[in-house]
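Feature annotation from Swiss-Prot assigns signal peptide to 1-40. Annotated topological domain 'Virion surface' per Swiss-Prot: 41-764, in sequence order, evidence recorded as sequence analysis. As annotated by Swiss-Prot, N-linked glycosylation site applies to Asn88, Asn267, Asn659, Asn723. Taken from Swiss-Prot, the feature transmembrane segment covers 765-785, and the record attributes it to sequence analysis. Residues or ranges marked as topological domain 'Intravirion' by Swiss-Prot on the basis of sequence analysis: 786-806.
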Amino acid sequence: MVTPRSAVPAARPLAARRLASVAWACAALLALVALQCATATKDIVTMHATRNSLIPKDTLTVAVVMIDSYDNRLVFHANKNLLFGASNTSARALAEAYNLLGEVYVTYAYYRWARDDRPVAVGRPAPDYVLGTRLLSGPGSQKIKPPEERPSFPLSGSLRGKSLLMPRKVIFNDPLQTLMPFVFTRYLSITLSGYWDISVNSGKNVFSLCVSSPATPPVEVIATPRSAKLRESRFPQWPRYLYVSSSETSVLVNVAAGTSYKPRLYNATLAGVKAFLEVQNYGSHVAAGQLLTIKQLLKHGCNREPDEPFVVAAALHFGAAWHRFAALAAETYVTDAEILEFVVTTETWAKQVELCFSANAPQLGAAPPASRLAILSGRGGADEGLINVPYAILQVSRERYWGEVRSVNEQLTILTAILGSVDRLGAAAYLPSADGVAPHAFAASIIDSYYHKLIRGSATDKIDRKTLSAAVRVFLARKADSIPTARRVLTHMTVLCSEHQAQNPLVDITGTIDAASGHGEIFCLDDLFTPCAAALRFDLEPQANRPSGNVISASAVYRTLYGSFLYGGSELETAALLDDSARVIAAAQPVGGPKAYADMFFPELARCFDWTRENSIVFYIAISDSASWILTTRPVTGGVRYRLPDTSIRTNLYLTYFNASCSKEPFASRVEKITSGYVNLHGASIACKLCGHALLRYSLGGFEDVFVIRTADEERQMTMGANSSIQYFRAMDPTYFNYILMDSSGSALRVLAFTHGSYAVDKNYIIGIAVGSLAGVFAVAFAARSIYKFYRGRANRYTLLTNDYD
């Protein structure tokens, strides 16, 4: 149990802080020159300020560097008269008055807020089993490769050690001047710039994090060993900063003083500091930060009101994950595959937070805000090799024949390398492999493979979900050259977005995260992927009360944070597990929509559909290379339109066919009546008469799902009923569901039953056949009677004639 000395930030007047920042920056630059000539053996060395009696009274000495027994005096003199004005002038008096008022305000704020201080309990740190195991076992007989050596394939055997990070001595120049400058061994430096500016320094036993934005006060966290005697910049009469410590580490927290006390900010910061001290595994920090992000989304959506407590807590997990990962790499080893997964996951996570939780979050259909993530920028000496690992792996993987890659792990590695390189390389990340297979084709083949497995009810595990998710992201990250392939891929995802796929254990959000956290594994949003996340289905609403309403319990989060689209919704059970039973994504703002996909891959819809009624779209799919079917809740113009019968009075569904001609004839303005008929399921059709047809299923409550028949095997499976290997056909129940059969020419047939008569028989056709047959019977009878009478008449006439001659 540790009691913080004070839970209040220290602040200086704005002008004084700016001047001090300039002074410390200059001192740090000059001190770096001295460090090049000094050799230090300690991890942390303090830098003391001094005053020389020979220096004029109005001159301020900033710093003198002392490293071990070497007394390298580096003096920087600043003239107070130049900085604050000459003595006995109004400018100097005003500056001193501002400074005095600042001291009085901060002292009063400390006194007022310190009454709310509570003990901070820091538990015993949980051991990092990965680090412990590697310290005991070591890399074994495998050689640790230096950064300049190319990684091998598969990546499990390519190990890297301390040379990856290139640790070196640098001066820590505190942006908020919480501590006087000191020297430490830095492993890496991370800078995130955008609406939120976040800087992280990680070194041997030293960690620092600073978070700031235009609308919030800066927050700083500095962790150092308890044995380090570091000087603080506070005035002696001030209480200390927020101070939390464990058995080996002390943490200073500095929040710039604002106009009001923010308990949520302090609570979030304390929780993040406790997690930093208690959790030693980098994967656990990534999992905890992702869970925090998901909770924030489920509660508030992608709001444009900056939530500093959440961002500070997420940033602490982000920085702690990198700090622990750097320690693992420096003290033992990490594999190229681990570097690849960690770098891509944390980069994606940082972009998602910037995209969804900043004041400049994009409006509907707008481009994402500009942001930049720099890892190991090289300032002060950190190697660039870490962020180049994804590209190095991509280069190695291109030498393989992607068309022959069947291992799920290798597929995931290649896809992740592409995702980790696309921001830096752009179109160069989409160059083909040695056998000419481009990333779009590679991703599409993986999606096709999983589609054929999933429609047959095959279960998926974590690696399968991550691979399918990565394939979809690679395919959609840049516009595909082949529009027919893109239409097929999106139709696959729409077919898979059904109630049956919702039974996949993948929707267990908390179970997935807890399993990852408990084993020290990295959790990312790819672990929550469902086909609905990339489906052309837009009826996923929080108010939906139907059997298929739970298909979005995981995909809604994925849709939002991966920049696709979101129309909200989740199971109340899942929301309760996530401590949010009141609001479930209801406030979420979509960052894309049906029109975005139509503009890219469905030109007939982009040109012909009335986009003023975009909100009425339930789903759309491609039925051919140039035609589509779209289901809406309101009638639309521009195509052949049908109203679905037998829905509730509160649910109106309209099915419309669009092709390149954009029908504007008068018939297109009226609603066509869907004829009813029977579909034969007897035997398999060698010609595959149903290929290119779609079967839509709906009930009294609304749309359920859709299936597109593409192959003769799928048509044969349709005939097998409960024995079919395809889940959609096994669940067919015409007594409860209604089915609409749609073809590629714009015709729609309501299926009354599946019989063994003819391929597709309309009831009017049956009546016509019956009437025609009956008429034929009468005609035959009449003809027979006429012939009989004719011949009998001729026979009688012949007899009479014979009698006459006789």
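Here the Cβ of each residue, glycine as well, is placed from N, Cα and C on the backbone.
Sequence features annotated in Swiss-Prot and their locations in the structure.
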{"residue": "Asn88", "record": "N-linked glycosylation site", "DSSP class": "coil"}
{"residue": "Asn267", "record": "N-linked glycosylation site", "DSSP class": "helix"}
{"residue": "Asn659", "record": "N-linked glycosylation site", "DSSP class": "coil"}
{"residue": "Asn723", "record": "N-linked glycosylation site", "DSSP class": "helix"}
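In this view, Asn723 (N-linked glycosylation site) is surrounded by 9 other Cβ atoms within 10 Å of its Cβ, with every protein chain counted.
Taking the topological domain 'Intravirion' (786-806) as a whole, pLDDT averages 58 in the prediction. Considering other CB atoms within 10 Å as the measure, the emptiest surroundings among the glycosylation sites Asn88, Asn659 are those of Asn88. When other Cβ atoms within 10 Å of the Cβ of Asn267 (N-linked glycosylation site) are tallied across all protein chains shown, the result is 14. Taking the Cα atom of each, Asn267 (N-linked glycosylation site) and Asn723 (N-linked glycosylation site) are about 58 angstrom apart. Asn723 (N-linked glycosylation site) sits 36 Å from Asn659 (N-linked glycosylation site), taking the C-alpha atoms as the reference points. Spacing of Asn88 (N-linked glycosylation site) relative to Asn659 (N-linked glycosylation site) is 84 Å (Cα to Cα, whole number).
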